[in-house]
There are 2 protein chains.
Amino acid sequence: MAKTYIFGHKNPDTDAISSAIIMADFEKQTGNTEATPYRLGEVGAETQFALDYFKIDAPELLSDNLSDQKVILVDHNEFQQSADSIADAEIQHVVDHHRIANFETAAPLYYRAEPVGCTATILYKMYKERGFEISPEIAGLMISAIISDTLLFKSPTCTDEDVEAAEALKSIAKVDLEQYGLDFLKAGASTTDKSASELITMDAKSFNMGDNTTRIAQVNAVDIDEVFERKEELEKEMLTASAEEKYDLFVLVVTDILNSNSKILAVGSEKDKVGQAFDVELDNGTAFLPGVVSRKKQVVPQITDALS
Amino acid sequence: MAKTYIFGHKNPDTDAISSAIIMADFEKQTGNTEATPYRLGEVGAETQFALDYFKIDAPELLSDNLSDQKVILVDHNEFQQSADSIADAEIQHVVDHHRIANFETAAPLYYRAEPVGCTATILYKMYKERGFEISPEIAGLMISAIISDTLLFKSPTCTDEDVEAAEALKSIAKVDLEQYGLDFLKAGASTTDKSASELITMDAKSFNMGDNTTRIAQVNAVDIDEVFERKEELEKEMLTASAEEKYDLFVLVVTDILNSNSKILAVGSEKDKVGQAFDVELDNGTAFLPGVVSRKKQVVPQITDALS
């Protein structure tokens with residue numbers, strides 16, 4: 001049996017790493033013994049906390065060329081967020097909770113998308129539908145991914161199904177959602193131990209918007225001001241990355257995970273459009289956005305609209 | 001509650017029409033009272049046979065602009081096969097069994113694709129998963145769509161799940177699959193009552209292949225030779241359509257539904273590539289392809305490869 005490569009997006013967050021591991025477990029239960037999880041980037045501190053807590057190894061970093069290889073994508077579909085050789089792969093299956101764009105296959109495939117808060121929630125439903133066993137480790141990863149993507153159920157992307165899944169899984173994983181959740185989120189929200197370059201890359205995604213390429217990075221923090229003390233340095237790194245990668249706009253979203261607000265920093269030729277997007281006046285490239293925590297629901301559509 | 005527009009592809013076949021009606025019934029059972037089926041073209045003789053047999057009205061022809069309207073796509077996803085204003089619609093859900101290409105949304109959505117022989121087979125599974133009631137009329141449409149898409153289970157696109165669905169549905173619809181199936185397919189395979197222009201348009205789809213636009217029409221027939229008696233006329237209509245719509249290649253696939261073979265006719269600047277695609281020498285633009293009955297599995301990938 002040929003290997004099936006399973007992975008989430010570049011700059012993987014907890015859902016991208018966890019869903020790859022979970023999907024590989026799911027595939028094995030269907031009889032696909034060669035299902036193997038991979039990752040497309042470094043494991044962040046938040047994800048590492050979950051892997052350590054539930055005693056699971058991180059997936060291997062993908063280095064193989066995927067030309068004509070069997071592939072399953074989780075937590076993403078846009079090719080620019082995927083492996084570099086994705087266009088030549090045989091995509092068998094996608095499980096995702098994002099919009100669909102810049103995605104194409106030559107052959108029919110399985111595709112399961114639902115507008116819920118987290119890919120792991122869809123995977124949870126797939127286990128239930130098939131009557132598959134959910135181990136404590138897999139339950140722990142599902143919970144971690146859900147808490148990460150929904151900021152402990154506070155994000156507007158969070159749905160009843162995400163909450164129901166986490167509630168149903170907590171007894172299998174043997175965790176208290178609130179206490180585990182806060183410890184886990186705080187582990188990923190430490191910013192002082194990271195360079196400016198790390199902060200703008202560790203959870204960054206590119207989006208084609210009209211004729212523009214927009215880069216949007218998000219950083220979780222307990223103290224937003226601590227991050228903005230390094231504004232000059234952050235701006236320089238964002239401008240350098242934009243020059244190298246030809247981004248027309250680079251937006252950094254720093255999210256206060258305790259109070260559910262964000263402050264943004266924008267650079268690039270299209271940065272005036274960001275003020276328009278949120279109906280605010282940028283102050284030296286920055287703006288405070290009360291209640292904004294979701295890149296997917298509260299940032300990407302607004303900037304997409306402003307740019308088109 | 002705002003209306004939800006539900007429709008299959010342009011030049012609708014039985015799966016496109018039936019799946020729209022079935023999905024509207026499914027949506028109503030979820031509580032979406034404004035779910036309304038539509039069609040993007042004329043109802044063919046085969047489909048009309050099924051509608052008459054099971055006493056169901058054809059959906060209304062779509063004429064509304066879909067800008068900002070809620071939409072569910074069945075049996076297709078590629079925008080060039082969809083409603084003209086599809087790019088401005090809010091696509092809520094897609095249920096399909098084709099490859100994914102030229103499809104994009106601004107927001108997350110439900111998307112369910114499976115590589116089975118027929119969209120109605122996926123819909124059948126969705127009813128079963130939710131425990132929804134399948135009426136004799138809906139069962140009849142599901143069976144008709146499955147028989148149409150799989151040529152009475154003989155196409156290589158036919159899967160065990162298609163056969164299982166039809167077998168499970170036959171007692172609800174109260175039909176003998178073999179006998180109903182042949183009568184139904186023959187109703188759609190009459191070619192002498194159709195003009196050359198009708199033959200090349202009634203089940204035609206466009207595909208973007210590399211830099212080329214390829215049009216592939218399929219005609220079911222009981223007697224292939226009867227169709228090719230009108231070769232000159234067909235070629236002229238295909239060339240006229242190509243000039244008007246800027247097709248680089250137009251291929252007509254005439255399929256013998258009783259013996260499961262096809263004869264093709266190709267016109268256009270890229271027509272030599274068609275011989276390459278099937279490893280045959282075209283004879284005056286034609287070639288006999290033994291065992292070929294599926295456009296999706298035995299024609300589109302082969303021509304796509306030859307053109308790229």
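Just so it is clear, glycine is given a Cβ too, placed from its N, Cα and C backbone atoms.
Summarising the annotation, TrEMBL assigns Mn(2+) 1 binding site to B:H9, B:D13, B:D75. What TrEMBL lists as Mn(2+) 2 binding site is B:D15, B:D75, B:H97, B:D149. Per TrEMBL, domain 'DHHA2' is recorded for B:181-307.
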Report summary line: All chains considered, the count of other Cβ atoms within 10 Å of the Cβ of B:D149 (Mn(2+) 2 binding site) is 26
Query raised in the report: Relative to the Cβ of B:D13 (Mn(2+) 1 binding site), which residues of the same chain, six or more apart in sequence, are found under 8 Å away?
Result: B:G44, B:E46, B:T47, B:S148, B:D149, B:D203
Query - Integer mean pLDDT for the domain 'DHHA2' (B:181-307) - result: 94
Query raised in the report: Near chain A, which of the binding-site residues B:H9, B:D13, B:D15, B:D75, B:H97, B:D149 can you find when the cut-off is a Cβ distance under 8 Å?
Result: B:H97
Report task. For the domain 'DHHA2' (B:181-307), give the DSSP counts of helix residues, strand residues and coil residues. Result -> 52 helix, 36 strand, 39 coil
**Report entry** Env. residues of Mn(2+) 1 site, Cβ within 8 Å of mean position of B:H9, B:D13, B:D75 Cβ
**Finding:** B:G8, B:N11, B:P12, B:D15, B:A16, B:I17, B:S19, B:V74, B:H76, B:Q81, B:T119
Query - Rounded Cα-Cα span from B:D15 (Mn(2+) 2 binding site) to B:H9 (Mn(2+) 1 binding site), Å - result: 9
Query raised in the report: Given B:D15 (Mn(2+) 2 binding site) and B:D75 (Mn(2+) 1 binding site), what distance in Å do their CA atoms have, once rounded to a whole number?
Result: 7
Report task. Please report how many Å separate the Cα atom of B:D75 (Mn(2+) 1 binding site) from that of B:H97 (Mn(2+) 2 binding site), as a whole number. Result -> 6
Query raised in the report: Using the Cβ centroid of B:D15, B:D75, B:H97, B:D149 as the reference point for the Mn(2+) 2 site, which residues of the same chain not in that list have Cβ within 8 Å?
Result: B:G8, B:D13, B:A16, B:S19, B:D96, B:H98, B:G117, B:C118, B:T119, B:A120, B:A145
Report summary line: Cβ-Cβ distance under 8 Å, sequence separation of 6 or more, same chain as B:H97 (Mn(2+) 2 binding site); the residues meeting this, in order, are B:D75, B:A113, B:E114, B:P115, B:V116, B:G117, B:C118, B:T119, B:T121, B:I122
Report summary line: Cβ atoms other than its own within 10 Å of the Cβ of B:D75 (Mn(2+) 1 binding site), all chains, total 30
